[in-house]
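These come from TrEMBL:
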- 7-25: transmembrane segment (TRANSMEM)
- 30-78: domain 'NADH-Ubiquinone oxidoreductase (complex I) chain 5 N-terminal' (DOMAIN)
- 45-63: transmembrane segment (TRANSMEM)
- 75-94: transmembrane segment (TRANSMEM)
- 95-178: domain 'NADH:quinone oxidoreductase/Mrp antiporter transmembrane' (DOMAIN)
- 100-119: transmembrane segment (TRANSMEM)
- 140-160: transmembrane segment (TRANSMEM)
Amino acid sequence: NLISISLSCFFLSLYFLLNNMIYFIEWEVVSLNSMSIVMTFLFDWMSLLFMSFVLMIASLVIFYSKEYMESDENINRFIMLVLMFVLSMMLLIISPNLISILLGWDGLGLVSYCLVIYFQNVKSYNAGMLTALSNRIGDVAFLLAIAWMLNYGSWNYIFYLEVMQNEFEMLVIGSLMML
């Protein structure tokens, strides 16, 4: 099933590329008095292509793990962890908002930790701790980028690319997001 979704995302990305299409989908999560929390999703050819690759790799991991881990009685837990990893990755891919990117990044970190310690031995616990600590470095970089974007009044960085006349500002925010 994931393979069919992956192929449809791939062909949809080609369609978006050939027709030069971009879709922004905004979802108003909470509206209270004059404050509203809006989740924005960006669908363009590149995000759809990345999603198709993530889905293809996840489907192959699940396909391989069903045979490799057939004697494991908790294989459903492993498959659910892989699917949660995929959902976190997709949130990271399609979000132009730094706060939701941070949520996707932390979701990846938490699920990565759970996947690394899945077999529950000392070596996997040590590797899981290394994974969690490495993820914290990325958290610090994302928080610095979020603080820098406070200068513009919003955390939707995609809307401020033309406003950032100074190349240094784009370099700082882009470097912090890539760290």
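Glycine residues also receive a Cβ, built from the backbone N, Cα and C atoms like all the rest.
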Any chance the transmembrane segment (100-119) and the transmembrane segment (45-63) have 3 or more Cβ pairs under 8 A, given the pairs are 6 or more apart in sequence?
no
In the same chain, which residue numbers or ranges, 6 or more beyond the ends of the transmembrane segment (140-160), come under 8 angstroms Cβ to Cβ?
40, 42, 96-99, 101-102, 105, 169, 172-173, 176-177, 179
